[in-house]
Amino acid sequence: FDFCQAEGKKRPSENLGQVLFGERIEPSPYRFTFNKRETCKSVCTKTYDTTKPEDKQKLDFLKKSMLLNYQHHWIVDNMPVTWCYDVEDGQRFCNPGFPIGCYITEDGRPKDACVINSEFHEKDTFYIFNHVDIKIYYHVVENEALGARLVAAKLEPKSYKHTHPDNPDCSGVPMDISNKASGEVKIAYTYSVTFHEEKNIRWASRWDYILESMPHTHIQWFSIMNSLVIVLFLSGMVAMIMLRTLHKDIARYNQMDSTEDAQEEFGWKLVHGDIFRPPRKGMLLSVFLGSGTQILIMTFVTLFFACLGFLSPANRGALMTCAVVLWVLLGTPAGYVAARFYKSFGGEKWKTNVLLTSFLCPGIVFADFFIMNLILWGEGSSAAIPFGTLVAILALWFCISVPLTFIGAYFGFKKNAIEHPVRTNQIPRQIPEQSFYTKPLPGIIMGGILPFGCIFIQLFFILNSIWSHQMYYMFGFLFLVFIILVITCSEATILLCYFHLCAEDYHWQWRSFLTSGFTAVYFLIYAIHYFFSKLQITGTASTILYFGYTMIMVLIFFLFTG
């Protein structure tokens, strides 16, 4: 964007998480000195001559961004500068950014932020917010060395057509840019800043006013209750079926006179000779189980730290950094789990198994990520990841994660294979004709619905925080939902597994992985619905980016739930 640039300041350094998320912090030309009021101070003036193609292109880009309601995000002392305005029901909403400008349509309807001022009334016209009134609130620290701490920064965006850009007076008509304007367009950028003492806000709780005005915290409790009801219902069902049926079955077996009735077995007792027959594609299943364990532990530890408040929005990029580092360090459990299962499936090719565990799922994620990065790079976006960071990620993967996976696999293969309580028959049993709902596909599709029902309200907030730049800070809720999800996935799978075994179908390994893993497919469907209903994304590159990143999330979610 062609706004005022800061001369000669260098960019603040960023951590791994910020770089991966595409957050770039730029130095600003707006200069403050503590407790020094500024009124209508000029920053710079930009002149566009619409007869020159490069100027016209810059101005058109500016117009397009106002039409799409692009936002400035400013930071003072690590606090977002917020724009607070009244919404319905007498509440104030504090937005951690403010729009570049706004547009009045051809039939005189104000769009987005144009509703704030009745002077914005020219039809088919853009109004640019070229002046900001910044209020900085500070808290004087008592009983320490004299000093003050910034506790809030708020601003009001204004639009003024400065008649004398060199000595602006910040009054008069708004700065309008007609859509059909030709000739020279001059935009002067100015700011005023005032300082106010605020005794009531402590420095430690200075983020509260932003979070309080974030919408929908009351929906959260509702959704948690909703999920808990599902969980209680499921647990009750599982407990009842398990206790009643298994109890009944076992009592029934114990009642029998050991001699003559033993031949007439029924239900799940019939498949005892086939239940531990190794599954088809056992190699792939063991690799998935290894990667899934890695992701499960990573998510648990990350969310646990987030709950303790280490990864709040104030530590920019901490969440992503924590997740990536944990994922790299958790290579050992992945290798170990994959090796144990592969060995118990009677597999021999242990080298292939280790290599697939270290490279298959991470490789897919990295390839997807790399393609997305190429697109960003081609579009000239600032969110593109520098080459050095890509090399660093590869180094983390190859030099730390892979050796750790090998160590885990070594221990996994050294241990004796998992002992099975019953022998597997030489000849596989024939599986009887299955009824509709015990067939593999219907069972798998039904299995994913319940876990998805528990998470979908949280999913809405998470997608909002990723794509609509809202802050996500409800990690306590998220941790609760995570535990609920783990319980629901396990219970739904156990339940369906039991029904299949009663129907004498002993292919349970893949089916148990896919039953809860199918939740990821519902997640994908929801993400597509979110894309069409909530986001106004235009352009091929943006669409590809959205679905590219969504596919990474879906794969990780699939491995985790499975």
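Backbone N, Cα and C atoms are what each Cβ position is placed from, and that goes for glycine too.
Automatic, uncurated: that is what TrEMBL annotation is.
Annotation comment: TrEMBL describes 221-243, 284-311, 317-342, 354-377, 383-413, 444-467, 473-501, 513-532, 544-561 as transmembrane segment.
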Q. Taking the transmembrane segment (544-561) as reference, which of 221-243, 284-311, 317-342, 354-377, 444-467 has the most Cβ pairs under 8 angstroms?
A. 354-377
Q) Of the listed stretches (221-243, 444-467, 473-501, 513-532), which one yields the highest count of Cβ-Cβ distances below 8 Å with the transmembrane segment (284-311)? A) 473-501
Q. Can you say which of 383-413, 444-467, 473-501, 513-532 has the most Cβ pairs under 8 Å with the transmembrane segment (221-243)?
A. 473-501
Q. With pairs 6 or more apart in sequence, are the transmembrane segment (444-467) and the transmembrane segment (473-501) linked by at least 3 Cβ pairs under 8 Å?
A. yes
Q. Sequence-remote contacts (6 or more beyond its ends) of the transmembrane segment (473-501), Cβ cut-off under 8 Å?
A. 211, 214, 217, 220, 224, 227-228, 230-231, 234-235, 237-238, 241-242, 245, 267-268, 271, 275, 296, 299-300, 303-304, 306-307, 311-313, 437-438, 443, 446-447, 450-451, 454-455, 458, 461-462, 508, 511-512, 515-516, 519, 561
